[in-house]
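Structure first, commentary second.
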Amino acid sequence: MSIDTIVAIATPPGRGGVGIVRISGPNAYAIALCLNGNKALQPRLATFCSLYKGNNEVLDQGLVLYFKGPHSFTGEDVIEIQAHGSPVVLDLLIKESIAAGARLARPGEFSERAFLNDKIDLIQAEAIADLIQASSDTAARMALKSLQGDFSKKINQLNEELIYLRMYVEAAIDFPEEEIDFLNDGNVSQLLQRIIGRLEEIRSQANQGVLLREGLSLVIAGRPNAGKSTLINNLAGRDVAIVTEIAGTTRDIMREHILLDDIPLHIIDTAGLRDSDDLVEKEGIKRAWQELKRADCVLLVVDINNPDQQNSLHNELKLTLPDKIPIITVYNKIDTTKLTAKCDEHTVYLSAKTGEGLDELKKVIKQVVGYQPTEGQFLARRRHLQALDEAKALLLTGQSQLTNHKAGELLAEDLRLAHQTLCEITGEFTSDDLLGKIFSSFCIGK
């Protein structure tokens with residue numbers, strides 16, 4: 001790891017009452033003395049100082065805080081300067097810090113140093129960015145839980161159980177004279193099944209966290225004049241799409257973002273799906289299919305007065321889209337019939353015009369994507385889900401090796417790989433490429 005000293009503005013761009021400049025590294029204290037006219041600083045105490053340019057001209061006045069390593073966020077000596085929130089003043093403080101020996105920090109470099117100095121693990125580092133970017137109260141609370149180590153503790157406990165199982169299996173293989181018959185005594189099978197069960201439980205909780213963090217891409221599809229634009233307007237609570245009786249009014253992709261019980265919902269309204277000779281409409285339909293293939297969930301809107309629309313288009317969607325994308329059929333315009341709003345697992349009857357049945361639709365969406373708020377929930381990322389899925393696949397393979405082939409060495413290797421995969425979640429075993437990708441997504445100053 002580099003041992004140079006870094007500096008960055010830690011507050012958002014723009015003007016404000018207070019702006020913070022953060023410095024971290026072996027020369028942080030010396031740079032602070034250059035800025036404050038050699039006024040001594042006590043660790044963990046705020047000191048009021050005048051702040052100077054190199055020619056002893058006063059730049060500003062503010063508070064300077066000194067955190068002596070390793071008792072700091074990064075584990076290094078850290079200085080935080082609380083000056084007035086003028087972009088000009090803060091830029092001058094950065095320039096003076098660089099002149100005194102610091103360099104400008106890369107995005108996320110403060111958090112990266114905290115990770116490399118074992119102040120936080122990789123889950124906690126990601127949680128810092130997630131807390132900053134949280135789109136709802138619940139997402140912020142869940143990010144804080146991850147930052148406080150809730151998710152990490154679950155992974156570490158799982159790893160401890162896996163380490164114990166690995167030791168038992170490998171000891172039996174390496175020391176056959178001890179006559180440990182792990183292939184037949186049932187202990188390994190029970191321990192392995194328990195670990196798989198715990199992993200599935202954590203995976204389910206992590207999936208809820210991914211929904212809260214990343215949200216859900218919900219694509220509205222249907223024939224022209226089925227009421228798609230009216231539905232997106234009602235879901236959004238405002239007029240975001242033009243609604244007319246003319247078929248083919250919507251020709252391009254329309255996007256709107258709302259919160260559905262704290263889940264960020266990225267709603268995409270598409271052109272009506274039909275054969276058309278109009279070049280502009282054909283391009284809109286082409287883009288609609290592209291969005292459908294990327295969706296997390298599809299709402300197929302059907303005019304209840306023309307139910308035959310549903311069969312052909314539903315079959316076309318089923319044949320074209322990946323099996324993992326759920327399709328909810330929405331029978332619209334019940335206000336023109338004697339029907340009332342109702343729903344079942346993948347079907348909703350509603351009126352986009354009056355709003356009747358919208359609550360039922362929201363309920364079905366949450367059920368279809370598997371959102372179930374639970375105690376102990378935490379924020380997670382897709383890479384965490386991928387690692388958990390990979391670890392489970394390895395454990396299931398190992399279980400098969402044990403049950404069907406009595407292959408102890410192959411079981412031991414699958415357990416080792418599963419352990420390594422889980423350690424990638426917390427960063428115990430992580431490639432430099434992954435670290436670079438994660439920390440580069442942070443804002444500068446974190």
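The backbone N, Cα and C atoms fix where each Cβ goes, glycine too.
Database features, via Swiss-Prot:
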BINDING   Arg22, Glu80, Lys119, Lys446  (6S)-5-formyl-5,6,7,8-tetrahydrofolate binding site
DOMAIN    215-370  domain 'TrmE-type G'
BINDING   Asn225, Thr244, Ile246, Thr249  K(+) binding site
BINDING   225-230, 244-250, 269-272  GTP binding site
BINDING   Ser229, Thr250  Mg(2+) binding site
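When Cβ atoms from all protein chains are considered, those within 10 Å of Ser229 (Mg(2+) binding site) total 24, not counting its own. In the structure as shown, the Cβ atom of Asn225 (K(+) binding site) sits within 10 Å of 21 other Cβ atoms. Its own atom aside, the Cβ of Arg22 ((6S)-5-formyl-5,6,7,8-tetrahydrofolate binding site) has 24 Cβ atoms within 10 angstroms in the protein chains shown. Reported as a whole number, the C-alpha separation between Glu80 ((6S)-5-formyl-5,6,7,8-tetrahydrofolate binding site) and Lys228 (GTP binding site) equals 52 Å. Annotation for Lys119 ((6S)-5-formyl-5,6,7,8-tetrahydrofolate binding site): spatial neighbours Pro70, Phe73, Thr74, Gly75, criterion Cβ-Cβ under 8 Å with sequence separation of six or more. Secondary structure from DSSP puts Glu80 ((6S)-5-formyl-5,6,7,8-tetrahydrofolate binding site) in a beta strand.
Taking each of the binding-site residues Glu80, Lys228 in turn and counting other Cβ atoms within 10 Å of its Cβ gives the largest count for Lys228. Lys228 (GTP binding site) sits 50 Å from Arg22 ((6S)-5-formyl-5,6,7,8-tetrahydrofolate binding site), taking the C-alpha atoms as the reference points.
In the predicted structure, the domain 'TrmE-type G' (215-370) carries a mean pLDDT of 79.
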